[in-house]
Amino acid sequence: MPAFKSRIESALAARKAQGLNRSMNVVFAGNQSILEHEGRRYINFSSNDYLGLANDQALVRAWQQGLSVYGSGSGASPMVTGFSAAHSNLEAALTEWLGFERAILFGSGFSANQALLFTLLEKSDVLIQDRLNHASLMEAGALSTAKMKRFKHNDIKHLETLFTNEGNHLVVTEGVFSMDGDCAPLKDIAEVARLRNAWLAVDDAHGIGVLGEAGGGSCELANVKPEILVVTFGKAFGMSGAAILCDQATGDFLTQFARHHVYSTAMPPAQAYALTHAVSMIQEQSWRREKLVELNEVYQTNLSDLDGFVETDTPIKPFVIGESELALQVANACRQNGIWVTAIRPPTVPKGTSRLRITLTANHSTEQVKTLSIALKQALGAL
């Protein structure tokens, strides 16, 4: 049998037998509150476009204007000729807004997280991560030369037991956890890190733009400034890409040694141009965050009495079903009633905690959230 074929077929068969096979659906307007699939319209509660910017016409025009000025692609890595005024302006906007000296741009949050850990850590270092951190962080930690330890989710007492008297320590947590929608106790984590002379890195992919009075995210809300902040542009910014924010020396270090940065083509300058507009929109259009608060109250009022309901202060609303088959059954029943929700199953979440990952956006109406509630209750009642 040709190389790798047996392994590939075996893995695919096992995934299918476990009922965990995944597939991609071709949808139209997946970045809007109403999407279309195979000729039918659904209310979309699966998008990470929390502030509703992905299809905002002002942002679309900004990208189009960027295209007219800069063309389509950057043409090179940022260390060659791929770094334009648009990239520089985006970095400046981010640092001024979030209060850091440097911002280093990346093509995705996954690459930013991996670049950070692979570049910063050495064999003598200790990496301490929340056990529910994103796969990009866990993979990079496992593959790095540093010793990785994991603390129980949001458990400060357990975190305190993992420090040693040797080596540099880096504590890494998400600001908002993508599958549970809960926030890290950043003030407590930051204090523990400070007392242990450790650095703190926060991946705020799901908090930036959504939390805080000016949309500064989890750190603004907690009044905490970590040594390193990772923000991504694929959620509240309505686009894609990411940035690592840090002090000047760390920024220079990453610019020189982060291979994901040095050896990747820079993001299109038109994208950077539009992202700079998104930064302004996030700060100035507080009504988008206010809308999320309103929708959260409607969601909670209508569903908090049901088993599986999880209370969160973020737009991420996990509804825990338990078994994978039942989660799929509920998701499919909701779709029959015109509601698009996604069942999240192992290995993304632990076995026995399969769930619907429901997300609210500023483009939803209160009536749409009420319609979701009715459909979900009907689906659960049919189990």
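Just so it is clear, glycine is given a Cβ too, placed from its N, Cα and C backbone atoms.
Taken from Swiss-Prot, the feature substrate binding site covers Arg22, His134, Thr348. The feature pyridoxal 5'-phosphate binding site is assigned by Swiss-Prot to Gly109, Phe110, Ser178, His206, Thr232, with sequence analysis given as support. Residues annotated as N6-(pyridoxal phosphate)lysine in Swiss-Prot, with sequence analysis given as evidence: Lys235.
Known features from Swiss-Prot, placed on the structure.
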residue	record	contacts (Cβ under 8 Å, 6+ apart)
Arg22	substrate binding site	none
Gly109	pyridoxal 5'-phosphate binding site	His134, Ser136, Asp203, Ala205, Val230, Thr232, Gly234, Ala242
Phe110	pyridoxal 5'-phosphate binding site	His134, Ser136
Ser178	pyridoxal 5'-phosphate binding site	His134, Ala205, His206, Ile316
Lys235	N6-(pyridoxal phosphate)lysine	Asn48, Asp49, Tyr50, Ala205, His206, Ile208, Gly209, Val210
Thr348	substrate binding site	Met179
Taking the Cβ of Thr232 (pyridoxal 5'-phosphate binding site) as centre, how many other Cβ atoms lie within 10 Å? 25
Greatest C-beta neighbour count within 10 angstroms, which of the binding-site residues His134, His206: His206
Helix, strand or coil at Gly109 (pyridoxal 5'-phosphate binding site), per DSSP? helix
